[in-house]
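Okay, structure first, notes after.
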């Protein structure tokens with residue numbers, strides 16, 4: 001048994017060394033090829049994700065064994081570790097504008113944000129509040145390390161193919177919010193939009209049903225469109241800073257199921273109003289940084305538009 005474990009450990013060590021060598025080679029080639037830079041940051045992101053998921057598993061176990069509600073901080077601790085790792089390996093990060101500390105001072109709450117791509121995992125790493133849980137599709141439950149971490153840290157899994165199970169999960173989330181003062185972060189678009197401009201998909205109502213059922217405020221979180229820095233379709237992954245703005249909490253006290261549609265529309269409209277200006281701000285920062293380092297800026301900064309914000313469909317759970 002010891003020999004087997006030793007062999008496995010040696011194989012993993014050799015794999016990691018070779019993986020890191022490949023990443024470094026791609027980073028060196030990035031000076032002459034933007035495509036190499038894209039490949040380097042994608043590979044580095046996988047290193048960060050897997051290593052932080054492993055860290056999250058052990059952190060969750062340790063926090064659960066320590067007793068009390070300390071396990072509720074497992075996702076926050078892992079998120080911050082991912083933020084640090086990603087910023088060091090890829091040079092990309094998110095800057096949070098929250099002067100009134102709505103993230104830290106509003107508990108419990110249902111936080112909702114726009115969902116653009118897989119890079120939103122890093123976004124959560126930069127702004128994820130304490131005593132908060134994410135929701136995730138149930139297919140992630142059994143993923144090695146990542147799925148284990150999610151289960152240990154209290155992630156709420158939703159079966160996208162089964163609306164009844166999703167509603168059951170929401171009832172469980174409402175119970176957790178009320179009994180443990182545990183907030184929840186959700187993406188009401190239900191899926192990644194892969195938007196190239198300041199747009200959002202139509203919102204699903206699950207997050208807002210949850211907020212009304214629990215009687216807690218909805219806190220909108222707006223992330224600037226970052227397709228000028230990250231776009232898998234265009235093989236683009238550049239270093240830079242992406243702005244996030246946390247909006248004023250919207251109370252749900254006294255609301256009923258009949259008010260959910262209006263609440264959903266109100267939150268979406270508030271987020272859309274901020275998304276355009278925030279995207280202009282983010283792209284202007286990227287352009288200023290590019291022109292400072294080079295006489296010919298490599299980043300195009302088109303003016304964002306919200307004209308197409310209501311186009312497209314979402315494949316998320318309809319609640």
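Using N, Cα and C of the backbone, Cβ positions are placed for all residues, glycine too.
Unlike curated entries, TrEMBL annotations are predicted automatically.
Quick look at what TrEMBL lists:
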type     : residues : note
TRANSMEM : 12-32    : transmembrane segment
TRANSMEM : 38-63    : transmembrane segment
DOMAIN   : 109-226  : domain 'Phospholipid/glycerol acyltransferase'
REGION   : 295-319  : region 'Disordered'
COMPBIAS : 297-308  : compositional bias 'Low complexity'
Cβ under 8 Å, sequence separation of at least 6 from the ends of the transmembrane segment (38-63): give me the contacting residues as numbers and ranges.
19-20, 22-23, 26-27, 29-30, 70-71, 73-75, 77-78, 81-82, 85-86, 89-92, 121-122, 145-146, 148-149, 152-153, 235-237
Segment-level pLDDT (mean, integer) for the domain 'Phospholipid/glycerol acyltransferase' (109-226):
86
Please list the DSSP helix, strand and coil residue counts for the domain 'Phospholipid/glycerol acyltransferase' (109-226).
45 helix, 23 strand, 50 coil
